Amino acid sequence: MALGVKALPFTFAAHVLAIAGAIMVLVWCFYFRGGLAWEATNKSLIFNLHPVLMLIGLIIIGGEAIISYKSLPLTKQVKKIVHMVLHAIALILGIIGVCAAFKYHNESSIANLYSLHSWLGILVISLYGIQWIYGFVIFFYPGGPTEIRSASLPWHVFFGVFVYVLAVANAAIGFLEKLTFLETSGVAKYGSEALLVNFTAVVTILYGTFVILSVLSLPPVDHHDDFSYSEI
């Protein structure tokens, strides 16, 4: 399915929102929350790695990987490598972000995996990893037979978009969950920090929306020279 409109405006908007989202989450964690650390007496600094790595890694870089495959003016083989590498970076940063959350909970004597956000987070990172491994083996190296690639392609596209949408939705849930805890601890409900967190969640949702719109708006690819992402 194609939207019948040019992708350039959607792609440009996605890039702008990516920059805005990255800046906003960094301002939140550095200005309002005190910074980032893997080892610290203040365990909250460890947790701060989680939103930064999940948003900039899994959501933003993952989104750029989706856009890049069908928007870069490069050969399909080069775009395939860029797509794969960006997704690998997103996955690695996402795994570190999840580990940071577990580390924070363990060192703060907080239970793990008790919320919907945590359940969906484990599901997302697991599916993301499975999607990357399958794509690497079937479409890159060693590469599956033509029949398998052809049959797998629409499902690979659908599954990738599904996992990405789920990741964006879970990020919004995560911002809500963390802000609720902060407000319970004394952060003003209408204060600057609360507004920043809410607007960061809104920007995250908008970014994910424009990523999907960018993909749907791109012209069909030529299937005669390679098996590549097609319109959904």
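Cβ atoms here come from the backbone N, Cα and C positions, even for glycine.
Just so you know, TrEMBL annotations never went through curation; they're auto-generated.
Among the features that TrEMBL reports, domain 'Cytochrome b561' is placed at 13-216. For 12-33, 45-69, 81-104, 116-141, 153-176, 196-218, the entry in TrEMBL reads transmembrane segment.
For the transmembrane segment (45-69), same-chain residues at least 6 beyond its ends with a Cβ under 8 Å from one of its own Cβ atoms are 11, 14, 18, 21-22, 25-26, 28-29, 33-39, 79-80, 82-83, 86-87, 89-94, 96-98, 100-101, 103-104, 107, 121, 124-125, 128, 160-161, 164, 167-168, 171, 174-175, 178, 200, 204, 207-208, 211, 214-215, 228-229.
The average pLDDT the prediction assigns to the domain 'Cytochrome b561' (13-216) is 95.
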